[in-house]
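Asker: Handing you a structure now.
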């Protein structure tokens, strides 16, 4: 098995067939809806808020609301659907979450998307939850994860998941690899590659992206959608406190398994960091789209499909030589 990560790979250009990169189409069909970009902000408290979710849905971007304010989920679904927007929520696998799914069915509330969101998704508890959701609200598009192996993808798909999320601890504020010795940190792109070969349904690549070019690489190695935390954190619209250090503005960004998230120091696999303030999220989304349009033009196509067939070389950490000065 070839092992590599994002910084080890360069995609090889094909002849350009467009006059301008603006002709390149970055839209993606994911589940029941089509979106402007194959990108979704991480469902973390310092990345996604109800206000942002509303804005993303209204502007045809995919979002997944985090699961850390359980009582707010039903009002959130009701508000989104009342406003004619899609509802996309997260659930865990504790006993109360199974009751929550039954409550949704009782109220005839069907969110368009539900993400089963736990760190080690290749587990009996996730399989039970997939089946539970499909029994009570079968029309919901179920995303399950996270996994890091082809076996994990196959099992969750076979249980009824409509998409799987791949990535165990490669994110900037995830320290699973340090705390446990396990994970896809350092070989996330290779993990995506082997998982996508086993998949019959869409995959979300989750974590480890550091640049916009990594979005194109994720699509090349089998992702339909890419989940991004740190690149979306620390914007004007982002949740989280702003601090000033040495005359520069920063925003907090912490992992979902950090003690800041949990409120206690128990089974901690996430950390907190301050990321330099990045301005408007809307500007970042425009830049992401333009960069991805450029990627498509280099791939010699007009849409995302062209990225899936380009050749690549493995260059072992050398692509940033001289770029970080």
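Each Cβ is built from the backbone N, Cα and C atoms, and glycine gets one as well.
Annotated active site, thioimidate intermediate per Swiss-Prot: 174, in sequence order, evidence recorded as sequence analysis. Annotation comment: Swiss-Prot describes 203-226 as NADP(+) binding site, evidence class sequence analysis.
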Asker: List every residue in the same chain as residue 224 (NADP(+) binding site), at least 6 positions away in sequence, whose Cβ is under 8 Å from its Cβ.
Answerer: 28, 30, 38, 163, 202, 203, 204
Asker: What Cα-Cα separation, expressed in whole Å, is found between the residue listed as 'active site, thioimidate intermediate' and residue 218 (NADP(+) binding site)?
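Answerer: It is 19 Å, counting Cα to Cα.
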Asker: Below 8 Å Cβ to Cβ and six or more residues apart, same chain only. Which residues does that give for residue 218 (NADP(+) binding site)?
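Answerer: Listed in sequence order, they are 189, 192, 205, 209, 226.
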Asker: Output, ordered by sequence, the same-chain residues six or more apart from residue 221 (NADP(+) binding site) with a CB under 8 Å from its CB, or 'none'.
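Answerer: Within the chain, residue 221 (NADP(+) binding site) has Cβ neighbours under 8 Å at 189, 192, 193, 196, 205.
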Asker: So if I draw a 10 Å sphere around the Cβ of residue 215 (NADP(+) binding site), how many other Cβ atoms end up inside it?
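Answerer: The Cβ of residue 215 (NADP(+) binding site) has 28 Cβ neighbours within 10 Å.
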